[in-house]
Amino acid sequence: MNDWMPIAKEYDPLKAGSIDGTDEDPHDRAVWRAMLARYTPNKGVTGDPLLTLFVARLNLQTKEEKLKEVFSRYGDIRRLRLVRDLVTGFSKGYAFIEYKDERSLLKAYRDADGLVIDQHEIFVDYELERTLKGWIPRRLGGGLGGKKESGQLRFGGRDRPFRKPINLPVVKNDQFREGKRERRERSRSRERHWDSRMRDHHDRGREKRWQEREPARAWPEGDWERERDFRDDRVKGREKRDRSK
């Protein structure tokens, strides 16, 4: 596939539900729900989406001050928002950090992913809600990433990029039959040749007895031909598999 990309450039719920982005039918109800959903980004969110990072898998006890301390190492922060439950005020375990310049954003994106903060290994990605066309959040069956235990894995993002599809060669039936017919004809030709040689050998054997038996088995010519053909087929098959990888 010449247009294959590990990271989605546009959000498609059906493709996101497939490990290689090739599914043609939804495999669970959440994918169906995401395909039917219509989502409009929150207009109350401010700041430049192209300078904003999404930070997830935070310890629920991690505070804004700690995040600012860690992420200010990469550049000047314009805005930091730790998302909290509206009722309880408890952290939901993710935040958005807006930098003042792109250089700081890229440095944090590259170096902060996988950092351990308050005994939790964090995940860092670009903000997608306002930057990825067609975005559907996880609560509507979409999103990206996730864990196997959740039963809602989504592919095409930094956490779980698409795997490259495996393109198996298609053999047409008529080509298969033609090749099979040719192999049968070659096999019959070798068998006729072999029968003729065996009859000659049997006749000569009546006139002369072996004085001693050879220590090792001598392969008749027909067997050598079969063995050579077998090896050639194995080599061709291995080369074909190597080219298809």
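The backbone N, Cα and C atoms fix where each Cβ goes, and this holds for glycine too.
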Annotated range (Swiss-Prot: region 'Disordered') out of 6-25, 146-165: 146-165
PLDDT averaged over every residue in the domain 'RRM' (51-129): 97
